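Per Swiss-Prot, ATP binding site is recorded for R728, K768, Q779, E807, Q808, Y809, I810, E815, N897, E898. Taken from Swiss-Prot, the feature Mg(2+) binding site covers E880, E898. The compositional bias 'Low complexity' annotation in Swiss-Prot covers 294-323, 342-355, 524-536, 575-597. Look at Swiss-Prot and you will find 732-927 tagged as domain 'ATP-grasp'. Taken from Swiss-Prot, the feature region 'SAICAR synthetase' applies to 1-305. Summarising the annotation, Swiss-Prot assigns region 'Disordered' to 294-355, 518-538, 550-569, 575-604. Under the heading region 'AIR carboxylase', Swiss-Prot lists 305-997.
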Amino acid sequence: MTTAINNNIVNKEFDLKDKTFLASGKTKTIYQLNKEDQYVLIESNSAITAGDGAKKDILPNKDIYSTTTTVNNFKVLQLSGINTHFVKQVEPNAFIAKKCSMIPLEVIVRRLATGSYLKRNTHVTEGTKFNPPLIEFTFKDDVQHDPLVTEQDILEMNLKIGGVPITSKLLSQTRHIATLSFEALERAWQSLDVTLVDFKVEFGITSQGELILADVIDNDSWRIWPKGDKTLMKDKQVYRNLPSALNTPGATPTTQSGPLLNTLSDQQLKMIEDNYAWVATSTEKLVEFTAANLNNNNNNNNNNSNNNNNNTSSTSRSNSLPNVPSITTTPTLHHHHHHHQQQQSGVGNNNNVNSGFQVQLNQPLVGIIMGSQSDWETMKLAANTLTTLGVPFETRIVSAHRTPDRLFEYAKTAKSRGLKIVIAGAGGAAHLPGMVAALTPLPVFGVPVQSKALSGVDSLLSIVQMPAGIPVGTVAIGAAGATNAALLSAAVLAPYYPSIELSLDLYRKKQTDAVAEIPVDNPTSTSTTTTTTTTSNATSILSAIHTSTINSNTSSHNNNQQQQQQQQTILPTQPTIINTPTPVRSSVSRSQSPLPSGNGSSIISQEKTPLSTFVLSTCRPSALVLPPGSTIGILGGGQLARMMAIAAAQLGYKTHIFCPENDPSASHVATYTTKSNYNNYSALDIFARQVDVVTYEFENIMVEPVEYLTKQVAVFPDPKILRTCQDRVLEKTFIQSLDIPTAQFQSVESFNDLKSAIEKIGYPAILKSNTMGYDGKGQVKLTDQVDLEQAWKKVTSETCATKAILEQYIEFESEASVIVARALDGTELTFPLVTNKHRNHILRQTIAPAQLPEYIHKQANEIGLKIARSNGLVGIIAVELFVVKNNETGQYSLMVNELAPRPHNSGHWTIEGCVTSQFEQLIRCVCGLPLGSVDFTKRISEAEFIQQQIPPIVMTNLLGQEVNGWEKILQTKGSHLHIYAKGDAKEGRKMGHVTQQ
């Protein structure tokens, strides 16, 4: 339950003298306010300690610096929509907070690997980035020095705090809120070019049974590195790193039966004090940065500002915020101690985050209307974008010519129903936007829908030519216009709704990052066909989609018939979606706009976030795992997805295939299958709600849909790796940046570029399409006898690419590959190096292990691990290599040819040849499980295999009609046959494989 804290509470004068001592810790004391027993006074002291209090100093003014830092951090979180216990600052070194029963856990959020994490994970390099941030729990127990605990450890304690049991769901909520809090502060610190490395927070339970962020967040709670430089750190770690007290010149330590006191010299004290003062001052700027957009429109809202629910403490700078009725504050009760464990939790020196106000996005703010059913194909892109940004909306067909009464009613009541903006899409005569603008005072954005006759130019001219005094903000024709109308709407709302502002900033940053990496070559239109089936008899369970209602928690006092009709989402018919008789998720009720329940949820209250279905490992304290029984989504339905699904089933996971093909190979073994184009965002929304993690079977999938999924569900490997591997120029540039050799290359964007490039590279050379090439498609070997213009046309036409890459032709001894697995916790392994033989550019045979010198095996492993670490891989990646022999020395060396961030054809032999196959290893990686052994099934290492001269394992692809020899293959001793059930056995098509041991 969320309760507003109004100005009466914020402006209330508390009797600070009438108080009762509750508890004290190393750095603060907590008092019960007797006349306001639902509140406490938290008073900081000037002590600074390290080593669980083993050494202690008194730092001048630390009490003021700590309180200032804490209060400012709470304000940042309030502005970001995160609930905390903070009410107001009442003294330079004290603030009022809501009373709550403290959960005896610290939640640690790590962006970079450093400190104690490195001591426990020696294989991880300092500075390794965790994305998403890594979450750890410690149990508050001074005797045991706050040990690291797993979720299972916590659940076995059977904790019940404030009458609320500590369940797996509640722990998931703490992870989610802690992550949001970290990201809000991280974003604010970035504005000052400071890296927030990690922090720790605590939670409490209010008297209303509500989970809330509590305690303090000061300079003892985090690591911050200005300019990302550890040597410039300003946090408490500087104090921890100072030499032992007895060896400190100028210090006068006291060691009598307790902590080591007065360990610092005057010079050291001054340095630490300066750091704490700098941090306290800097956090003022964090508040300014976070509140900037909220304050931009302050002058336009002075008439409303007296009613603001502003829960920030009083300072010399007034943060007057626009009056938005849906902004409320949630009270958080603090430090109500019932027993020993809770008392300990309330007095620790670790700090918690608080925020006072949260935007309640519980009714539509934007109305999306269109003239007809056919306009939905365009207008749903506006709906998709609003979904991404967390903006609640409604959608309705309102024809200016065929339903004028409906139009009049809709426009006239739009403002009274709480809408702030209307997006109107229409084609042809396109009168809808203008007529709505004439009837409502709300801003109207007009989207010209592309018409068959004049390609939308008629629509554009009809909308844009409005007379003076009746404005319609007109955007581009078609898809771009629909998307931009949604973005403009979000930009208008952002100053009043912090969660929308944050989402919009993240969206813009992602757009910038994408453009900086690589432009999109081949955008395709959204599909209109989606079908979900299973291997059992399928039945429809989503018929409610066609007439669902907005989950709008508006007041029921005026719910007359007209309001009820307007709350109903009357939408164009969605794609047909059939699902399995076994319910996939209970949350399938949703608006036909691809927004859950037609409603943008607040940034705290979302039930599902990308890692919300992961839990802490029961045996590895730092690890997140997805438990068996969960569903793994796989983009693609070919043989790789098929073998992934089989491996997943072996470990107890369900799989859900998403692909556009009819009767895909993987559908025969997967639990669920969705038939849809990859850029059907409505289908992707449903898919994301039905799975717990997503991976993909091939790298030539469109990146944008994969990136879209990351907002709703964890996707591994990261789509950024996908972008790199799809673009050969970007891929080779990345590899060379790691000082790993590749063939010389030149980017080619035109025939003239090709002529210039061949002069630099020389003959012979290989011309390849820059994207989408596979199994020899889109490439030509160039000699001085080849017509360059014809080669250019062939390469670009075969793959519909607009760019190419010209590579130096490498005279290699053989081709090889190494597959690297890297888990969610950063552990990593390489499969044995193999050599590959091709026929007509298609892999024919793989020999494992490669019959090459041991130093080449070592070099391949080093290359693979370097690539995996550098791109933050979670999953598996195959590194295709050229083995080059120096004819003078007889020495071999390796050059990287290509990367594939998925299971690889050259790894199929691992199904029978290794203890853990590449497919099982992928499942382990994306689900956070421990990596499996990559030893041969003979239980010997790669080096032992080579030394004992055991005959290699051979995997042979069955191409085309070769699969018809399946019976003969089965008669061969030591053969393991895999048939992919792919239909027509076309020439060169991979129909199966056989592994011989």
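Residue 1 is the first one shown; counting continues down the chain.
Yeah, the Cβs are placed from backbone N, Cα and C, and that goes for glycine too.
Locations of recorded Swiss-Prot features on the structure.
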residue	record	DSSP class
R728	ATP binding site	helix
Q779	ATP binding site	strand
Q808	ATP binding site	strand
E880	Mg(2+) binding site	strand
N897	ATP binding site	strand
Point to revise | Which binding-site residues sit within 10 Å of E880 (Mg(2+) binding site) - Cα, from R728, Q779, Q808, I810 | key: none
Exercise for review: Counting Cβ neighbours within 10 Å across all chains shown, tell me which of the binding-site residues Q808, N897 comes out on top.
Suggested key: N897
Revision key, fill the gap. When the binding-site residues R728, Q779, I810 are compared by other Cβ atoms within 10 Å, fewest goes to I810
Point to revise | Length of the line joining the Cα atoms of Q808 (ATP binding site) and E898 (Mg(2+) binding site), in Å | key: 14
Review point. Near E898 (Mg(2+) binding site), how many other Cβ atoms are within 10 Å of its Cβ?
Key: 18
**Study point:** Integer Cα-Cα distance in angstrom, E898 (Mg(2+) binding site) to R728 (ATP binding site)
**Key:** 8
Revision key, fill the gap. Span of the recorded ATP site, as the biggest CA-CA distance among R728, K768, Q779, E807, Q808, Y809, I810, E815, N897, E898 in Å, is 18
Exercise for review: Tell me, roughly as an integer, the mean pLDDT over the domain 'ATP-grasp' (732-927).
Suggested key: 92
